[in-house]
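One structure is given here, and the rest of the page talks about it.
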Amino acid sequence: MAQTQGTRRKVCYYYDGDVGNYYYGQGHPMKPHRIRMTHNLLLNYGLYRKMEIYRPHKANAEEMTKYHSDDYIKFLRSIRPDNMSEYSKQMQRFNVGEDCPVFDGLFEFCQLSTGGSVASAVKLNKQQTDIAVNWAGGLHHAKKSEASGFCYVNDIVLAILELLKYHQRVLYIDIDIHHGDGVEEAFYTTDRVMTVSFHKYGEYFPGTGDLRDIGAGKGKYYAVNYPLRDGIDDESYEAIFKPVMSKVMEMFQPSAVVLQCGSDSLSGDRLGCFNLTIKGHAKCVEFVKSFNLPMLMLGGGGYTIRNVARCWTYETAVALDTEIPNELPYNDYFEYFGPDFKLHISPSNMTNQNTNEYLEKIKQRLFENLRMLPHAPGVQMQAIPEDAIPEESGDEDEDDPDKRISICSSDKRIACEEEFSDSEEEGEGGRKNSSNFKKAKRVKTEDEKEKDPEEKKEVTEEEKTKEEKPEAKGVKEEVKLA
């Protein structure tokens, strides 16, 4: 598959400022606020000038049940902190309550995360962009009828299902430290989606992703798992990622790629145990981008939130082929980035337990499996189903969904200041022990509340009505003429 260097590609970016207001609760490592921090940082780097920014629609229950079971989505719509006692049996059944708590606005949070990923897939399908970015998406642990690892609705599966309407083969790549179990499970028996996950394996959540898990039925050999040990560094990661992904591209020949960019694989993550720098992590983005395929970039885990914001800002710049300085610009959360106030981070001195021999052995085993694939399986394409977001078809009688607007918003925090710290009594700079790791359910990214100078809207009719009263949310809007 042909690779290109330095080809500038059109990028669109999905963000809703409300996402940063949702709050999982005291001491919970998943902080949607990190999405707002990311957004604010990339705004202050000026990256908004180089891409189209959209506010996603809120995905509805009908969209979510394209994958999830009706009763599970009905439960997510109904459950609230004030009625939990009425749902105790269902909470147990759907694995909601501990790692996946009930919090105010839970379903709306899922709607925003999912809406951005599905809208991104529609944009890619219509060839209206080359790369779509939704840092609030990437919630890869959610199952068909179960929440898991801080994830409730699997926006990735729903986005891939949307891409499959136009693409014969879709490749999913996961560089989060946790195994992408929810996505693998959804497509385990199909040859139209290949899932590739590089993750920590052994005494670690979710406990899946063995080298020998390769898919089943028609999907045999279409699941690729690279189990890793603690402390992998940039050099080792690049040495496995590039050859494995080159072979996958050669054998599978996808026509679209979804890349989950979980940043808990970075050095110093509160729940992680890898030793990647932001540059090392972003090399994966750069390499996948070089294949010049329609690409969806999603968030995922990441629990040291200052580094999450650094990482996803830098990876947005990589998508835009734009170099940004290491000196951080002043931004609303500048104090979080002390004491150095730099974009890039240094690796720690932790031991890399992944020996060259171990990595080579796993790589060769994966190559053997990939050689079992038929070259680019043919797929009988059916009539293309309706797009998930019909209003994007641009009915002339409706308001222009692409009008530019300027949004000033006062972002009020829904928690005390210390809630946004990285350590929270759970060991500043200290890694959790393995028993905690098992319990430490993966954290997936949600959105933020800051709005940007130029933001495009993609909304349903219902939401257009709501938008007529922006003051209800403390948001001032004015149309900005292009």
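Just so you know, the numbers here start at 1 and follow the chain as drawn.
Including glycine, each Cβ sits where the backbone N, Cα and C put it.
The feature region 'Histone deacetylase' is assigned by Swiss-Prot to 9-321.
Marked as N6-acetyllysine by Swiss-Prot: Lys74 (among others). Counting every protein chain shown, the number of other Cβ atoms lying within 10 Å of the Cβ of Lys74 (N6-acetyllysine) is 14.
Look at Lys74 (N6-acetyllysine): DSSP puts it in a helix. What Swiss-Prot records for Lys74 (among others) is SUMO2 cross-link.
Among the features that Swiss-Prot reports, Zn(2+) binding site is placed at Asp176, His178, Asp264, with the record citing similarity to another entry. Every protein chain considered, the tally of other Cβ atoms within 10 Å of the Cβ of Asp264 (Zn(2+) binding site) stands at 28.
Residues or ranges marked as N6-acetyllysine in Swiss-Prot: Lys220 (among others). When Cβ atoms from all protein chains are considered, those within 10 Å of Lys220 (N6-acetyllysine) total 15, not counting its own.
According to Swiss-Prot, the S-nitrosocysteine annotation covers Cys261 (among others), on the basis of similarity to another entry. Taking a C-beta cut-off of under 8 Å and a sequence gap of six or more, Cys261 (S-nitrosocysteine) has these contacts in its own chain: Gly138, Ile175, Asp176, His281, Cys284, Val285, Met297, Leu298, Gly299, Gly300, Cys311, Trp312, Glu315. Look at Cys261 (S-nitrosocysteine): DSSP puts it in coil.
Following the DSSP three-state reduction, the secondary structure of Cys273 (S-nitrosocysteine) is coil. What Swiss-Prot lists as S-nitrosocysteine is Cys273 (among others).
Per Swiss-Prot, the feature phosphoserine maps to Ser393 (among others).
According to Swiss-Prot, the compositional bias 'Basic and acidic residues' annotation covers 401-416 (among others).
If you look up Swiss-Prot, you'll see Ser406 (among others) marked as phosphoserine.
According to Swiss-Prot, the feature phosphoserine maps to Ser409 (among others), an assignment based on a large-scale study or a structure entry.
Among the features that Swiss-Prot reports, phosphoserine is placed at Ser421 (among others), with the record citing experimental evidence.
Per Swiss-Prot, the feature phosphoserine maps to Ser423 (among others).
Taken from Swiss-Prot, the feature N6-methylated lysine applies to Lys432, supported by experimental evidence.
Residues annotated as SUMO2 cross-link in Swiss-Prot: Lys438 (among others).
Under the heading compositional bias 'Basic and acidic residues', Swiss-Prot lists 443-482 (among others).
On the 0 to 100 pLDDT scale, the model's mean across the region 'Histone deacetylase' (9-321) is 99. Cβ neighbour count for Asp176 (Zn(2+) binding site) (all protein chains, 10 Å cutoff from its Cβ): 29.
Recorded residues Cys273 (S-nitrosocysteine) and Lys74 (N6-acetyllysine) have their alpha carbons 37 Å apart, per Cα-Cα distance. Counted within 10 Å of its Cβ, the other Cβ atoms near His178 (Zn(2+) binding site) come to 33, all protein chains included. Its Cβ placed at the centre, Cys273 (S-nitrosocysteine) has 22 other Cβ atoms within 10 Å. For Lys74 (N6-acetyllysine), the nearest neighbour among the recorded positions His178, Lys220, Asp264, judged by Cα separation, is His178.
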